[in-house]
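Under the heading active site, proton acceptor, Swiss-Prot lists ASP14. Annotated active site, proton donor per Swiss-Prot: HIS42, in sequence order. Annotated GTP binding site per Swiss-Prot: 13-19, 41-43, ARG306, 332-334, 415-417, in sequence order. Under the heading Mg(2+) binding site, Swiss-Prot lists ASP14, GLY41. The IMP binding site annotation in Swiss-Prot covers ASP14, GLU15, GLY16, LYS17, ASN39, ALA40, GLY41, HIS42, THR130, ARG144, GLN225, THR240, ARG304. For ALA300, THR301, THR302, GLY303, ARG304, ARG305, ARG306, the entry in Swiss-Prot reads substrate binding site, with the evidence type sequence analysis.
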Amino acid sequence: MGKNVVVLGTQWGDEGKGKVVDLLTERAKYVVRYQGGHNAGHTLVINGEKTVLHLIPSGILRENVVSIIGNGVVLAPDALMKEMTELEARGVPVRERLLLSEACPLILPYHVALDNAREKARGAKAIGTTGRGIGPAYEDKVARRGLRVGDLFDKETFAVKLKEIVEYHNFQLVNYYKADAVDYQKVLDDVLAIADILTAMVVDVSDLLYKAHLRGDFVMFEGAQGTLLDIDHGTYPYVTSSNTTAGGVATGSGLGPRYVDYVLGIVKAYSTRVGAGPFPTELFEEVGEHLSQKGNEFGATTGRRRRTGWLDAVAVRRAVQINSLSGFCLTKLDVLDGLKEIKICVGYRLPNGTEVDTTPLAAEGWEGLEPIYETMPGWSESTFGVKDHSKLPQAALNYIKRIEEVTGVPIDIISTGPDRSETMVLRDPFDA
């Protein structure tokens, strides 16, 4: 039988999933995106060359790997074409390596218009979305009015459905948000111009994955964002609009849940967050600046500066529970080089003085939480690019061991730099 490995983020996204997926796909036949949209930003560095992917799975650069966009992904046709064009200009035969589910909901210009109009209307209470129409597209999906990739097979019917939904959303845009209406004809023309390209890549994803499993193929499932941004389990309402957790694999791809063999949680050696929302361990002064600059903490999708803080092991433990993690990949360990001391949050103190070791479910419950820290010695030696576990400074090894102890999960992979080669694989998920 084949092995199905899930790679997902355990924090608020930006943990370094793209690099890890790219590394592990050396042994995979398929790489599958199962949720999110082009709000993701997965950065790959291979032999010094940087590639940023937002929608196409990170396995696309591998010659013998087929990349799949599953039904749980909301797909923006213009964003997909932009990525395809950029990759093809570099000699990557995208159309030979990429497949789509016909059940992918389409993100169209009215979704983007609604996203931005709503954020503007929220003012100081804005969620901090990427403004790419992700949430409104998922809303249309759940309301059963959304258009999907499969609708493009019948262009005449697509045009009729599109007209109805444009009128529906324009009423809200113009009358409630006082924003400009979306031009139906332009939307139709733009989508139909690339419809045949999209439909040519359509496949029955669930059937493909089932047969791949029976054949013994290795499959990698690539998560986007992070566990703490999950629509159900994250810091609601400061969350994304999809299930970023392991449960999203089955619903977002059609793979039977019992076929998942290993779940790899990507955990950054410290914490970051983009946009608004709770962040108990956030740092604002010298150490926060160190993490931000040395870690190059600027969003691959939006360019926004990420908020930075100490590792929150309480939040990561929540990710362990929800995802039934098999192991961790620890990323950006090298960013901690040079710090005299390093802290790990192992609990919270409530405003009434009570100590707790779990995260609240809603954002309101995080208000007034005081992190309870353990302080460990830092290290002055460089860990950048180290590929031998035994060559790491003892203080770094102690830090790694403590993360394993407080989370109850082994660290199977350690990343010490952005390049594919700057990685230590202590236990390969496909062999676990």
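From the backbone N, Cα and C atoms, a Cβ is placed for every residue, glycine too.
Sequence features, as recorded in Swiss-Prot, placed on the structure.
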residue	record	CB count, 10 Å
ASP14	active site, proton acceptor	28
GLY16	GTP binding site	20
LYS19	GTP binding site	25
GLY41	Mg(2+) binding site	20
THR130	IMP binding site	23
GLN225	IMP binding site	28
ARG304	IMP binding site	13
ARG305	substrate binding site	12
ARG306	substrate binding site	20
LEU333	GTP binding site	24
Closest of ASP14, GLY41, THR130, GLN225, ARG306 to THR416 (GTP binding site), Cα positions, recorded positions only: ASP14
Among ASP14, THR130, LEU333, which are recorded as recorded positions, the nearest neighbour of ARG306 (substrate binding site) by Cα: ASP14
Distance [Cα-Cα, Å, rounded] between THR43 (GTP binding site) and THR130 (IMP binding site): 17
Three-state secondary structure, LEU333 (GTP binding site) (per DSSP): helix
Cβ neighbour count (within 10 Å, all chains shown) around GLY13 (GTP binding site): 29
Pairwise CA distance, ASP14 (active site, proton acceptor) versus GLN225 (IMP binding site), rounded so that it is a whole Å: 7
Among LYS19, GLN225, ARG304, which are recorded as binding-site residues, the nearest neighbour of GLY41 (Mg(2+) binding site) by Cα: GLN225
